């Protein structure tokens, strides 16, 4: 009887296996090399470089968006909030160490997974940010374009990191973005440009910039380890 | 924040490499708090929401400094520090920050320059400046990504030139002067932050001037003065020759003028005088006759007054078609022309020919060439040049009246019915009396097509029944002196010299050996002193009776290639 049940369960899983795949974002390239957009063969090193480039750009654009938003909407006395690094960023289930020595001790696996989780955790909040910004009366186009651009690039970055994980860690992973928790509660329709809404978005941007910096730092550390094992080890 | 001006307050916090940081404070005006130990710093990391902890390390060598080493420095976390007087349990100042926001990197090291090139004039040069990132910044691991800014100035000047931010470790500086000494320095900051670090030490850049510079100086002066002198000369020239230049560059537009008529008359209100002038023939006739001898041959056909009353000249000239009367090839049968004897007695089917001559009605109604001689001499003069495209019509063999027609037939008369009366090659009458002459053999000539110019296509149609005319070489050609049968044209008048299917009239000499057939239009070869047109005299008088058109061109007398003056006419008379 038990054996029968086990067999049934196993058959269920096997039959449902395509369903699992269908949820996943299809990666067309089945071979070991995979790039972000096309099935061109690319070395792991180059892929890592590209991923780092993405992270750098995202970080830079996030900073520019934050500055734009601050100049446009945030009253001057509250600019000091920025230097405070953002409070109440939506917490993640795992702590990320902040000291260099601790970070240097993080394993490759943990680095990549952290980056992936960061990327995935920011996809929905950025969309939320975009919708609220669109409702602002005088949001500058540059700001809207940048947030839109960042959302797109995050998707690419996610794909790249997934491939890296698969390649470097030999782990298959599902890239469904519905996995992460919804930490941002959807707000009711509030009138935009109320200070509360402004501050919330400001905080969001600051937190995103911080997390983008984390992604970039982790990836660069990973690259350093890949290329030169000696200088990246803590001493 | 760092605002409190009076009491004890933090004066700043800084990190050099994002791994450690320091904070400084000041006792302010409260002198009683300057003793060490009275003011203490407490910090709290917002992440853990831990309790306040005291400064981990009060620097001994520096006063009022709190040092956080690597273990206590966490990035991506928010710190809050407080300045407290423990004794009084008063918090004088509090500030929060993240470590990345207080990072001011150390200055880059190893600044040097190399010469890129020197300009041709020796006045300018370019250099490449290189440096290395500060050793304290862990750029390799990616812990810090730095952006650099290079500044330079002329030594001891007050203003520094700033170049754009550079993420690499080298930058070029262009356009420096060779005789000046420059200072160059560089500083860096973290990308995505705005806190620049200190400047590096300045380096001196100097390139000696190449002594070839002096030669260029007078050259430019000479050039400048030369150009100025040239410009002055040009201006003087223009002003002195103003009138002549005006004529050269802006030639006067000739006013419309009619010979012999004062332009004043053409203005409004003087029509009567103009009409009287125009009507007086004395002014025109002699000149016209000298210049356009063929006009002399235009004769008025007064045989059929009835016909003339049918329509007005204007209608004829405009080619208004009448109700289709006999619009076929219409010809007057002159007995003494003798043409009928040389051709087959077949007479072309009127309907066939009518079909080939669209748009015609009446006899010669539409021929624009036809005109009353007296009143329309100017018109003829005008129209003479427009006849160049007249294509000949190859007549059916049984059209006797056409036989003797040259390619260009002289329009001798115009019938009111619309027919064009052409004179054959013979010229019996003297040119002076052409208008009144009635003995001229006239062959009314109707041209096909509305404009009285037969197009090549219609002409081809006409010749459809007829074998193609002789080869191209015998078609339209340039033959100034050559006698080509039946072709009285100078090749210049012809449009195409290619496969000429265009039939053309096969003029034939009348059996009566009066005169060889003379084409109405011949080519003017030259003009002599008396303003007579010299034409090509006919070279020979071949058989008069032409062959059937089925053969090649029948032997025809050589046709004169020009226009005949009255004088020459007499010579032709055998």
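Keep in mind that glycine also has a Cβ here, set from the backbone N, Cα and C atoms.
A quick note: this is a predicted structure, and the numbers were derived from the prediction, not measured.
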Per TrEMBL, which of B:401-421, B:422-442, B:443-463, B:464-484 is region 'Disordered'?
B:422-442
To which of the residue ranges B:171-193, B:194-216, B:217-239, B:240-262 does TrEMBL assign the term transmembrane segment?
B:217-239
In the domain 'Fibronectin type-III' (B:107-210), how many residues does DSSP call helix, how many strand, and how many coil?
0 helix, 54 strand, 50 coil
How does the model score the domain 'Fibronectin type-III' (B:107-210) in terms of mean pLDDT?
92
